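J.: Could you have a look at this structure, given as structure tokens, before my questions?
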């Protein structure tokens with residue numbers, strides 16, 4: 001390592017986040033920030049990429065990067081194999097957290113809340129617009145389970161391709177969407193000298209309350 005970890009840092013130079021810029025509820029601000037990210041961030045950064053954290057039945061946390069695939073006034077939707085590790089975690093503990101980080105904008109959004117499955121129709125609607133290879137992969141891959149090697153996975157894919165050679169694959173029952181229903185959303189804007197802006201929204205008795213947190 002050529003540089004000490006203790007010396008690795010960047011200075012944040014963009015404008016701050018004032019209460020006057022923040023609406024009374026968080027979804028409008030998220031939509032605004034997300035639109036900024038779509039316009040500003042460039043590959044390899046994906047604007048809809050986020051880290052999802054779940055907790056298993058033994059209380060151990062796990063995190064991984066996923067893609068946000070739908071957003072409405074109810075919450076934030078992602079799709080996965082329901083039998084995967086994350087699916088098992090959510091079945092045991094339906095609370096999760098997600099974090100979006102947009103480095104070009106020096107912004108981060110943290111979201112916490114309860115997770116629920118979306119409807120079968122919502123899952124099927126999204127499944128049908130995925131590329132064919134991804135639709136076949138949802139059938140072929142025993143996600144999160146141990147396999148012998150890459151050849152085993154490729155064999156499963158070939159068998160799935162043969163199975164659906166004469167018909168279009170339909171959405172498997174073991175695959176679909178989850179929606180995180182937010183109870184807390186924090187907007188973080190990097191500022192100079194690590195004196196960052198943090199505006200936190202909490203859902204209290206069905207109403208959003210906004211507050212500033214110390215950096």
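Glycine is no exception: its Cβ is also placed from the backbone N, Cα and C atoms.
Residues annotated as substrate binding site in Swiss-Prot: 9, 10, 11, 12, 69, 126, 130, 134, 194, 195, 196. The feature FMN binding site is assigned by Swiss-Prot to 64, 65, 66, 67, 68, 69, 79, 80, 86, 108, 143, 144, 188, 198.
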J.: Pairwise over 9, 10, 11, 12, 69, 126, 130, 134, 194, 195, 196, annotated as binding substrate, what's the top Cα to Cα distance to the nearest Å?
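T.: Greatest Cα-Cα span of the listed binding residues: 43 Å.
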J.: How far is it from residue 68 (FMN binding site) to residue 194 (substrate binding site), counting Cα to Cα, in Å?
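T.: The Cα atom of residue 68 (FMN binding site) is 28 Å away from the Cα atom of residue 194 (substrate binding site).
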J.: Around residue 66 (FMN binding site), which residues of its chain at least 6 apart sit with Cβ under 8 Å of its Cβ?
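T.: Non-local contacts for residue 66 (FMN binding site): 49, 50, 51, 52, 78, 80, 98.
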J.: Using DSSP, would you call residue 194 (substrate binding site) helix, strand or coil?
T.: helix
J.: Taking the Cα atoms as reference points, how far is residue 86 (FMN binding site) from residue 69 (substrate binding site) in Å?
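T.: About 17 Å separate the Cα atoms of these two residues.
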J.: For residue 86 (FMN binding site), what is the secondary structure by DSSP, using just helix, strand and coil?
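T.: Once the DSSP labels are grouped into three classes, residue 86 (FMN binding site) ends up as helix.
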J.: Of 9, 11, 69, 130, 194, which binding-site residues come within 10 Å of residue 188 (FMN binding site), going by C-alpha to C-alpha distance?
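T.: So far as Cα distances go, none of the binding-site residues lies within 10 Å of residue 188 (FMN binding site).
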J.: Restricting to the chain of residue 143 (FMN binding site) and a gap of 6 or more, list residues whose Cβ falls under 8 Å of its Cβ, or answer none.
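T.: Set apart from residue 143 (FMN binding site) by at least 6 residues yet with Cβ under 8 Å, we have 80, 81, 83, 84, 85.
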J.: Compute all pairwise C-alpha distances among 64, 65, 66, 67, 68, 69, 79, 80, 86, 108, 143, 144, 188, 198, the residues listed as binding FMN, and give the largest one in whole angstrom.
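T.: So the maximum pairwise Cα distance among the FMN binders is 37 Å.
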J.: Measuring Cα to Cα, tell me the gap between residue 11 (substrate binding site) and residue 79 (FMN binding site) in whole angstrom.
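T.: Between the Cα atoms of residue 11 (substrate binding site) and residue 79 (FMN binding site), the distance comes to 35 Å.
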J.: Near residue 69 (substrate binding site), which residues of its chain come within a Cβ-Cβ distance under 8 Å, counting only those 6 or more away in sequence?
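T.: Long-range Cβ contacts: 48, 77, 78, 79, 126, 177.
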J.: 64, 86, 130: which of these binding-site residues has the highest Cβ count within 10 Å of its own Cβ?
T.: 86
